[in-house]
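**Student:** Below is the structure I would like to discuss, written out as structure tokens.
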Amino acid sequence: MNTQILILAISAFLCVRADKICLGHHAVSNGTKVDTLTEKGIEVVNATETVEQKNIPKICSKGKQTIDLGQCGLLGTTIGPPQCDQFLEFSANLIIERREGDDICYPGKFDNEETLRQILRKSGGIKKENMGFTYTGVRTNGETSACRRSRSSFYAEMKWLLSNTDNGVFPQMTKSYKNTKREPALIIWGIHHSGSTAEQTRLYGSGNKLITVWSSKYQQSFAPNPGPRPQINGQSGRIDFYWLMLDPNDTVTFSFNGAFIAPDRASFLRGKSLGIQSDAQLDNNCEGECYHIGGTIISNLPFQNINSRAIGKCPRYVKQKSLMLATGMKNVPENSTHKQLTHHMRKKRGLFGAIAGFIENGWEGLIDGWYGYRHQNAQGEGTAADYKSTQSAINQITGKLNRLIEKTNQQFELIDNEFNEIEKQIGNVINWTRDSIIEVWSYNAEFLVAVENQHTIDLTDSEMNKLYEKVRRQLRENAEEDGNGCFEIFHQCDNDCMASIRNNTYDHKKYRKEAIQNRIQIDAVKLSSGYKDIILWFSFGASCFLFLAIAMVLAFICIKNGNMRCTICI
């Protein structure tokens, strides 16, 4: 009779526990590893690369007003050596300088060359205006074999002023130019350093030569330094070029008595442009906004590992070749044994496995959403995604890449290492600063991605917990948590009942009476099982005590009757 009652109780217990609903999240067999603030190599369901490594080995110029300077150097467009004759005036928003380009024909250099190059790269092109200088008592047609066109010539935008006759007196002269335009004027002039004192006397007459230039913001005097130098282009002399930006309504004045290379036209900047030094081929079939010496970077990513000196609208250069940004939840691949041996897994882990946090295992079959339910009842088993929690997580994660780009995007300009001897210290400082910035941004990039990854994983876990709490609040005392993300329901719950739990329309009062009755039956079985264990342990303890007591009594009787003797030796 007792056996029959126990069997009935166990049958009721098993029947009640047959209905179950579990919460789970999407998983894949092979996820992507990302780093967070607290841990490296966490596997997530989805992730995207944030560091661009693909380079287009061409200058993509589609949609750009591009000028390829070829053999002409950018600074040469302002003074006009023969190789720059076609570029004395131009308009462009992309300026390409080639390695073969040269700024000068007669040997010499530009003062503060790199700053002027930067100004011209951003200029959008240049236009010119005649300065209106006229000269009497001097020749204005100085020329040299170093600047050949069809014959010896000179810079197209400059006048080489000479004495009227060899060794003749060069008169003291003063010339002024007022900028009547609304934008600054670029004014360039030169100082000629003859190859010898005799040559200087022949060209400009005897005596010391002095050139003074001034405006409201500038004043400088120059004295030529004649003397032998190594020949370049057949010339032992040198011409050094100087420049200033003349504000609107300001006037520049030149006072000189020889060795002066006079400007003929002032240059005005047209607008804005990008300038790049590259020997890469132009391609009108592709578009780009970020350029470097090796070509074009076309990317929507926030970082790049291609060239630290790219210019334009570019991703930030970082030292890392890869920084993965999590765009999905933490991945816990479904155990392969679960796929192959369902019955074994039911015995080992239950029907569904475990999920997020306390919910340890993911579901690879949950393809319609990030979160969902699996249930088991008399009608069978089923899986359904929860779209609301999925969308909530997606809405908060969407745009992470764009936010990273907003934090890092910047227009970059090219600062080269083409420094003269005087500027080398400045060049070293610029290079050191650039290297330091790269170090800082490499660290910042890693930190930013790690912060976003931490937020994504915490966020997706939070949505999972919200969903779990929603189900728990609905079921109340009608179900019991098993600690693995599942609820064992104490009443018959068909597919409509399961759907009401998922839809948040479950009425716990409707099933309360049945659930309480089944819970009492289950608790009774658990209670009987508990008493049985206590009795077992009590019986075992009592038996041991009784055995020891009998053994001690027998030993005492034997010793008393002389049948047993105890000898103690010291």
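Every residue gets a Cβ built from N, Cα and C, even glycine.
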**Student:** I want to verify the bond table. Which candidate from CYS60, CYS84 sits on the other end of the disulfide that Swiss-Prot records for CYS72?
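**Tutor:** When Swiss-Prot is consulted, CYS72 turns out to be bridged to CYS84.
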**Student:** In Swiss-Prot, CYS60 is listed as disulfide-bonded to which of the following: CYS147, CYS286, CYS290, CYS314?
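**Tutor:** Recorded disulfide partner of CYS60 in Swiss-Prot: CYS286.
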**Student:** Taking every protein chain shown into account, which of the glycosylation sites ASN30, ASN503 has the largest tally of Cβ atoms within 10 Å of its Cβ?
**Tutor:** ASN503
**Student:** What average pLDDT is reported by the model for the topological domain 'Cytoplasmic' (555-570)?
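**Tutor:** Here the predicted model's pLDDT, averaged over the topological domain 'Cytoplasmic' (555-570), is 65.
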**Student:** Reported as an integer number of Å, what is the Cα distance between ASN46 (N-linked glycosylation site) and ASN30 (N-linked glycosylation site)?
**Tutor:** 10
**Student:** Determine, to the nearest whole angstrom, how far the Cα atom of ASN503 (N-linked glycosylation site) is from the Cα atom of ASN249 (N-linked glycosylation site).
**Tutor:** 76
**Student:** Between CYS497 (disulfide bond) and ASN30 (N-linked glycosylation site), how many Å separate their Cα atoms?
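**Tutor:** Distance (Cα to Cα, whole Å): 35 Å.
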**Student:** Let me know how many other Cβ atoms fall within 10 Å of the Cβ of CYS493 (disulfide bond).
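**Tutor:** For CYS493 (disulfide bond), the 10 Å Cβ neighbour count is 28.
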